[in-house]
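Structure, as structure tokens:
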Amino acid sequence: MENGLIVTKIKDGTVIDHIPAGRALAVLKILGIKGNEGNRVALVMNVDSHRIGKKDIVKIEERVINNVESELITLIAPNATINIIRNYEVAEKRKLRIPDIVVGILKCQNPLCITNNDPEGISKFSSVSKVPIVLKCDYCDTELTEDDVLRQILS
Amino acid sequence: MEDVISAYDFSRDQYLEIFSLADEILKGRKIKMKEKIIAEAFFEPSTRTALSFSAAAQRLGMNVIGFSSQEGTSVVKGENLADTIRMMENYSDCIVIRHKFDGAAKFAAEVSSKPVINAGDGKHEHPTQTLVDLYTIFKTFNTIDGLNFGLIGDLRYARTVNSLLRGLTRFKPKSVYLISPPPLKARKEILRELNYEYVELNSPYDVLHDLDVVYVTRIQKERFPDEVEYEKVKESYTIDEKIVNSMRKGSIILHPLPRVNEIDRKIDVSPHAKYFYQASLAVPIRQALFVKILGE
Ligand SMILES: Nc1ncnc2c1ncn2[C@@H]1O[C@H](COP(=O)(O)OP(=O)(O)O)[C@@H](O)[C@H]1O
Ligand SMILES: [Mg+2]
Ligand SMILES: [Zn+2]
């Protein structure tokens, strides 16, 4: 098997594969994993990948990924695959796709945007480009790049 | 037609219909909409736009309620925009909003079930100014297609520029020259979507003789890190006799007003100067817009 399963197999859980090298920690951040949750978590960083050069892999035992989380993951890891592991085997593979609209998760970078200035304001972005990712605020037209998204997730 | 938030909210046909209705109004057609109430929510001060909306409403026999600055309203007590809009939609048939925040008009339109007209949201858009601008051009040349446009000055923070660039996508301009100092170039988010040719320039001199429409916006001192920088660029974007002398015959100068000193007052008497004529069309075009939105 590819990369020879550098870390021990997990019985049930999720493997997020094909994360661009260096972004595994950002994926953990999206998932809210700090390390004190008790699940076993394995990070594989900077391994060779045929598809994307160098990649990271995140493996988490006993954890499912919800829709908001997978949306956020696509924004920083557009080629990621989510593998659902049951009884040591890959039971299901989900290929992620970048959503057309992203509501409420990210913040508009324009401090004068209404979404940052009204208690009822909710951010809403439409993707105007998928490679590279560019999101545009539906209210003020300010763009978010992949770097901006990464920075927001990591901050 | 429902809300008017962006210059994109009009199709080409809708622009042309509004122009021809404004023509009829100018020729003396009387339209009365007595039962209707317009609410003006001007959270940011305005002279021209607020007055022209009020005058347009009153010419149609409508009543106008609202405020022209936040002072004295519950907004200063901390009421949020959504709640103010909910109140105003109960009292009126249509809300005209000006607000300092980008996207405020779209937000208001989502809250309100009554139509919302954007009279300027921050540095974002001002679509009814575009109606005035395009109508002036249409009346002068009898077309908008095939003309050469030069937009001069602050193209980055001027909401009238964003709306005009978007409005022009409904027509077929020959070329659009975007003339500004580098820090005030038009926003790439806006440029990316345009369906016509544009060229970005630092100085107007190379293209002046080609332009049919010279659209001037003010360069604000606050946009520059220091006064020296500002003084340096100010000169080259001031419309003076030197510039006007190189303009082609029949070409026009427009300005959304108010102007400060970006157009030399000597130019006011030039046949190219159409900005006061442009301002005079603000009321009939807004009358036509109200009729389109609210029905006769
Ligand atoms: N039981 C398991 N425990 C931990 N990781 C696993 C397990 N099974 C598969 N993986 C990992 O999940 C990813 C997807 O597995 P697989 O479908 O076999 O490979 P590929 O997607 O490369 O064809 C690989 O990175 C693999 O190492
Ligand atoms: Mg693989
Ligand atoms: Zn925004």
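Heads up, the Cβ atoms here are built off N, Cα and C, so glycines get one too.
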B:R48, B:T49, B:H126, B:Q129, B:L257, B:P258 bind carbamoyl phosphate per TrEMBL; candidate in B:R12, B:R98, B:R223 listed for that same site: B:R98
Other residues, Cβ within 8 Å of B:R48, B:T49, B:R98, B:H126, B:Q129, B:L257, B:P258 Cβ centroid (carbamoyl phosphate site): B:S46, B:T47, B:A119, B:G120, B:T160, B:P256
Densest Cβ neighbourhood among B:T49, B:Q129 (binding-site residues), 10 Å radius: B:Q129
C-beta crowding around B:R48 (carbamoyl phosphate binding site), within 10 angstroms: 14
Stretch-averaged pLDDT - the domain 'Aspartate/ornithine carbamoyltransferase Asp/Orn-binding' (B:145-291): 94
Densest Cβ neighbourhood among B:R98, B:R218, B:L257 (binding-site residues), 10 Å radius: B:R98
Mapped DSSP class for B:R98 (carbamoyl phosphate binding site), helix or strand or coil: strand
CB contacts for B:R159 (L-aspartate binding site) [other CB atoms within 10 A, all chains]: 21
